[in-house]
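Enquirer: Please read through the structure below; I'll follow up with questions.
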Amino acid sequence: MAFLLTTRRLVCSSQKNLHLFTPGSRYISQAAAKVDFEFDYDGPLMKTEVPGPRSQELMKQLNTIQNAEAVHFFCNYEESRGNYLVDVDGNRMLDLYSQISSVPIGYNHPALAKLVQQPQNASTFINRPALGILPPENFVDKLRESLMSVAPKGMCQLITMACGSCSNENAFKTIFMWYRSKERGQRGFSKEELETCMVNQSPGCPDYSILSFMGAFHGRTMGCLATTHSKAIHKIDIPSFDWPIAPFPRLKYPLEEFVTDNQQEEARCLEEVEDLIVKYRKKKRTVAGIIVEPIQSEGGDNHASDDFFRKLRDIARKHGCAFLVDEVQTGGGCTGKFWAHEHWGLDDPADVMSFSKKMMTGGFFHKEEFRPSAPYRIFNTWLGDPSKNLLLAEVINIIKREDLLNNVAHAGKTLLTGLLDLQAQYPQFVSRVRGRGTFCSFDTPDEAIRNKLILIARNKGVVLGGCGDKSIRFRPTLVFRDHHAHLFLNIFSGILADFK
């Protein structure tokens, strides 16, 4: 097992990184091969093309049971560790995608391995309770040690779920209940409401809506899919709701050269948000809430300014709409702050905030006023998993103890600077470099070139992800450090130099 392997410590020299850029040269860094993290490998090791023969055979077998066309390769998770993912053919790759941004502190972290092995934790991993009715004795303590210790400003209430989609789906329900409760006032449910809700009719099922943005991704369940607008294949053939969809800013880069253009673009989008709220109120499909990602991820790593989000928050407040921030992909530290919305600098950033991925469990925080008025209104069998809360508490301890948020900010600056250097050297392949922390991306000329670059990088020992129509995104772990950035930049510079 990887976590039983003898740990290693190789200390980085203090020599400054050396960047050499001449016409036609490749990115060179003397720091690229340095290792300073005790359970990491020292670099990629490739034995076959990926997917290799064993992966291909397993893909054929899986395809007899389900559609396996999305599978990239099969993994050996016992041998994977740190920032490196090992496949079943023995290929060791620097993983900058980290299970679609869901691995917080690397593979097989020794502290988590130790936690799993402790006898007092065995029952937590063996028994999965129905938390809504039969929680374990230590459930409250573990919530306080884990999720409540990083609760966003103004949100003292928490409901745990299993994934990002069910987190947003139930957040929508919470918003609808809150909005109807405001309209209803102190009186209870009427007989008509109780009867009509059973046949999907108003007033029991009011025609409320959630406003979302083009390019957004909020999940694949029915309500979430109505607010997801990133790829047609996610939505085709699925019935949906008549809910408003606003344009999300499409910023021009470099930002400092297009300040006025980008301000006008954001103003246009905000104006459309207000127009849609008014329009849907007149259509009797009142906008009960607005959902937005701090950075549109699946839709192409689309950014907006902090000022845009502050003004959007004001619009929600002005029109009495709940403001739901989807931190499923941006949360957990990858932007250099624990929650990406902290960059906005607001004392009242949101009414509801959803999370998952790096948080190891799903769920949403919310203000006291959004608390469901009765049991079973927001409910399912498991309501998350106590074992994930146990692991998350240790992850948060490690983030604090090892100052990983500052590490993300520093490593992210190294990565972003290197990408900007590559953009200057290979503008025909790399454009619109952007990012916050290690949450970085760039555009390629088209989808075909993007996909080819990702495949070549994988065969060179680097796992990358795509997003949007033609973007490459970076989603490394929080233990991704400067030397990992330099290692990637050296490899990718060589790929670009040879690309045809």
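Each Cβ is built from the backbone N, Cα and C atoms, and glycine gets one as well.
I grabbed these lines from Swiss-Prot:
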- Cys163, Cys166: [2Fe-2S] cluster binding site (BINDING)
- Gly164, Ser165, Thr381: pyridoxal 5'-phosphate binding site (BINDING)
- Arg220: substrate binding site (BINDING)
- Lys231: N6-succinyllysine (MOD_RES)
- Lys252: N6-succinyllysine (MOD_RES)
- Lys252: N6-acetyllysine (MOD_RES)
- Lys279: N6-acetyllysine (MOD_RES)
- Lys318: N6-acetyllysine (MOD_RES)
- Lys357: N6-(pyridoxal phosphate)lysine (MOD_RES)
- Lys413: N6-succinyllysine (MOD_RES)
- Lys413: N6-acetyllysine (MOD_RES)
- Lys452: N6-acetyllysine (MOD_RES)
- Lys470: N6-acetyllysine (MOD_RES)
- 1-27: transit peptide (TRANSIT)
Enquirer: Using Cβ atoms only, which residues of the same chain lie under 8 Å from Lys318 (N6-acetyllysine) while being at least 6 residues apart in sequence?
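Expert: Those within reach of Lys318 (N6-acetyllysine), by Cβ under 8 Å and sequence separation of 6 or more, number none.
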Enquirer: Find the shortest Cα-Cα separation between Lys357 (N6-(pyridoxal phosphate)lysine) and the recorded positions Ser165, Thr381, Lys413, Lys470, and name the residue that gives it.
Expert: Ser165
Enquirer: Across all chains shown, how many C-beta atoms besides its own are within 10 angstroms of the C-beta of the residue listed as 'N6-(pyridoxal phosphate)lysine'?
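Expert: Looking across every protein chain shown, the total is 25.
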Enquirer: Find, among the recorded positions listed as Arg220, Lys231, Lys252, Lys470, the one whose Cβ has the highest number of other Cβ atoms within 10 Å in the structure shown.
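Expert: Max Cβ neighbours within 10 Å, all protein chains included: Lys470.
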Enquirer: From the Cα of Lys413 (N6-succinyllysine) across to the Cα of the residue listed as 'substrate binding site', what is the distance in angstrom?
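Expert: Cα of the residue listed as 'substrate binding site' to Cα of Lys413 (N6-succinyllysine) measures 33 Å after rounding.
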Enquirer: Relative to the Cβ of Cys166 ([2Fe-2S] cluster binding site), which residues of the same chain, six or more apart in sequence, are found under 8 Å away?
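Expert: The list for Cys166 ([2Fe-2S] cluster binding site) reads Gly219, Thr221, Gly362, Asn380, given in order along the sequence.
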Enquirer: What is the separation, in Å, between the Cα atoms of Lys470 (N6-acetyllysine) and Lys452 (N6-acetyllysine)?
Expert: 11
Enquirer: Please report how many Å separate the Cα atom of Lys452 (N6-acetyllysine) from that of Lys231 (N6-succinyllysine), as a whole number.
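Expert: With distance taken Cα to Cα, Lys231 (N6-succinyllysine) is 20 Å from Lys452 (N6-acetyllysine).
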Enquirer: Measure from the CA atom of Lys252 (N6-succinyllysine) to the CA atom of Lys231 (N6-succinyllysine) and give the result in Å, rounded to a whole number.
Expert: 22
Enquirer: If you count Cβ atoms within 10 Å of the Cβ of Lys452 (N6-acetyllysine), leaving out that atom itself, what do you get?
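Expert: So the number of other Cβ atoms within 10 Å of Lys452 (N6-acetyllysine) is 15.
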Enquirer: Tell me, how many other CB atoms lie within 10 A of the CB of Cys163 ([2Fe-2S] cluster binding site), whichever protein chain they belong to?
Expert: 18
Enquirer: Of Lys252, Lys279, Lys413, which is closest to Cys163 ([2Fe-2S] cluster binding site) if I measure between C-alpha atoms? They're all modified residues.
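Expert: Closest candidate to Cys163 ([2Fe-2S] cluster binding site), judged by Cα separation, is Lys413.
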Enquirer: Record lists Gly164, Ser165, Thr381 as binding pyridoxal 5'-phosphate; longest Cα-Cα distance in Å?
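Expert: Largest Cα to Cα distance for the pyridoxal 5'-phosphate-binding set is 16 Å.
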Enquirer: Between Lys279 (N6-acetyllysine) and Gly164 (pyridoxal 5'-phosphate binding site), find the distance joining the two CA atoms and give it rounded to the nearest Å.
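Expert: Approximately 30 Å lies between the Cα of Lys279 (N6-acetyllysine) and that of Gly164 (pyridoxal 5'-phosphate binding site).
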Enquirer: If you count, for each of the binding-site residues Ser165, Thr381, the other Cβ atoms lying within 10 Å of its Cβ, which residue has the minimum?
Expert: Thr381
